Amino acid sequence: MKLSLDWMNDFTPLKEVGLDAILKKIAISVCEIDDATEFRPELDFVKIVRIESLEKHPSADKLQIVQVFDGSSKSQIVTGATNVKIGDLVPLAIPGAKLGDKEILESELRGVKSSGMLCSEKELFLSEEGNGVWILNGLDQAEVGKTIRSFLYYDDIIFEVDNKSITHRPDLWSHFGFARELASQLRLPIVFNPFESLWNFDLSVKLPKVLENQNAHSYYASSISGVSVFPSKRKFQSRLQKCGVRVINNVVDVSNYVMLEMGQPTHFFDKKFLENQGEISLEVSFAKKGESFALLDETSPALEEEVLLIRNQGKPVAIAGVMGGKESAVQNTTTEIVMESAVFMRERIRKSIRSTGIRSDSSVRYEKGLEATTTLPVIRRALNLLKENGCSELKASEPVGFLHIPHKEVRIHTDIHFINAKLGVTLSQGDITDILERLHFIVSWKGEHLEVLVPKFRHNYDVTIPEDLVEEIGRTKGYDTIQVSPLLAEVKTPIRNLNRELERKCKTFFAIALKYHEVFNYSFQSYKENEFSGDPKLSVKIKNEMPEEQSVLRNSLLPSLLKNTRTNQDRFSEIKIFEFGRVYFNLPEPENEKKIFAFAVSLDKKSSEPDLKLLEEDFLKIKKEVESFLESIQIYEYTWKIQQETIFHPGANLCLVARSGKDGLETIVGNLGYVHPAILDSFELKKRVIYGSFEFERIVELWNQNRKVSRFVTPSQFPEAEIDLSILVGEKENTNVFTDLVKLERIPELKEGWVYSQFMGGNVPEGKKSVSYRFRLVNYERTFTQERIKEISDQLVILAGKNGFVLR
């Protein structure tokens, strides 16, 4: 938004303060200023001069030598203009002037010196057309020696305000509103208030009819006669041009002028056009779907039912608050008009803008929410401006219409301690009263409590709560005057959040050490997906209207991870993903919600493939990854047990069991296995998937038990050794049985043992499987000898034989 300093000076003496002080106060206490620039400063180098003499150029038939006088000295100009004569007042660009990309210099034309250039309106960028030199004879205030900038009222500073910073302040979207704010901040008086304009309405002028309804907060119309349409006076033209508004004629320009001055849009209808439709009967109503009519911008959009219209005799003449109709607009022959001044619901205007795609200066102000009681004062001010702009025989009827939302007092109660505590300063009652009364609030005190009456131009959506008053006081005092001091607080060791700490460790280990990718999924899924793991009858149904595929809260992370896998299965040969999420059950607390850590690994083939050795190796590899994570957080006491879960392949699933709590009871911490082929098919998965799911709270509990026990052992400086041993065990027998027996032998050098491969078929007896174990040996005192390694190997072989295991 552009604001003219000269225009605002009509209301308060800003020019007495100085530009730097104004800009500083605006930046600190009001809003952001994008720029503050002089308007057309180059025109200071163009003066009004009088032609003293004319003579032919001795060497060029189409040129003339002109002697001009600027009030203090004479100059010689060579020109090709043919429309000038002695005594004419014309604009002269003196040497040093820059007009566009052209710089005026002293020069010689065919041997004759020329000290400047006589200019047309086009050369001064005042018009798109220029037929010869601009003749200023008879124009008001066209005086010899005056600069064109001063003559055109262009001697001004234009502020460009960042609109986003005043979206909440509709009272600042006008010159008077902004000047009023600056007067409050700079302790200046208001010398003229346009809202206090007076007008004697004429009872002889026929009244228009306005149909009352609830589609507007306020709507008034006045019938005006004695109108003459011609170009606006230079003051009106210059002020509109400086604010980036196109000049049209003296009537339409007043409508734009009063909007920029007071922030209240108005509209003028051609009265004769309205009367041709029948008796004038204006109404605010909604459009019919597909309805259209020609607008001022030459468009005729097909309207939706949510668009608000102004109708006369049921026929549309304007889109309310957005744009007027072309046929009802003021014409050059117009002698009578009907003036509209209204305030519409901001929500309605926003819908009209969205529906039509039309965003005008009027609609920008309406969508912010205007004060409904300003409509009548604006009519009186507009009538005065019409008269000032040339309509000297003006007569106007008493405005007719309605006001549905009269001014309601907004009172805010607070106390001095609240204000000082929020600002971090100590203000007295006098300080607070001074600031608020300068901002036009009315303050009354009862002890340390105060009651504040909000001015009517601020109570709409703006100042409504005590915190708003704190902001008003703080910005007016100046945030730069509030001393910055560090917050003083007792330094305490933060409470350790084990859940968050372990979650971070887990994410780091799986993402960095094991190369998994973390995924995030919604907690909503379908009732059918809840059937895969758990009792679907325990599903928690979402009360909101949701599509069937998002109708319940999930009871497992499996469906989400399988869908992630399906999305990526054609892009990657191997997928390793994990997720931390919550699952929900229709059970009493605390069983109604659990935090789960789960992962899915998709490899090359489905679990129906005959290469069982490869399947076993992959499974053992993932199992080893889980064990390495448990070891990284110092959890060593656990076992894997076979357990049948419907989501897993019958022959490939384990549960992780550990002792936890004071009673030391065994509890299931999680599950690991190949996802059942039927489930893979239902999710359209082409590859086999290993899925692991663990109750995170159980892992946290185990970690908390074990983290307090120091298990650090200095790494051995001697090479480690490994022993591999393959034995036959029952097809359905737990492979951990043998490793548990080995642990009971308490071999001092034995660090750990694990299954690294399994095999069935071939020459392995039916009902049996070949299991290969690997044992890691560490000696902290000496290098292993072959004899010692053989002793340990023989001890393991004897142990296997004693317990009925056959060597392979």
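Placed from the backbone N, Cα and C atoms, the Cβ positions cover glycine too.
Listed features, source Swiss-Prot:
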| type | residues | note |
| --- | --- | --- |
| BINDING | ASP462, ASP468, GLU471, GLU472 | Mg(2+) binding site |
| DOMAIN | 40-149 | domain 'tRNA-binding' |
| DOMAIN | 407-484 | domain 'B5' |
| DOMAIN | 716-808 | domain 'FDX-ACB' |
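Surrounding the centroid of the Cβ atoms of ASP462, ASP468, GLU471, GLU472, where the record places Mg(2+), the chain contributes additional residues within 8 Å, namely ARG458, VAL463, GLU467, LEU469, VAL470.
The residues of the domain 'FDX-ACB' (716-808), classed with DSSP into helix (H, G, I), strand (E, B) and coil, number 26 helix, 32 strand, 35 coil.
Remark: secondary structure over the domain 'B5' (407-484) totals 33 helix, 15 strand, 30 coil, with classes taken from DSSP.
A 10 Å cutoff on Cβ-Cβ distances gives ASP462 (Mg(2+) binding site) a total of 18 other Cβ atoms nearby, all chains included. When the binding-site residues ASP468, GLU471, GLU472 are compared by the number of other CB atoms within 10 angstroms of each CB, GLU471 has the fewest. Here the domain 'tRNA-binding' (40-149) has, by DSSP, the following mix of helix, strand and coil residues: 7 helix, 46 strand, 57 coil.
The average pLDDT the prediction assigns to the domain 'B5' (407-484) is 91.
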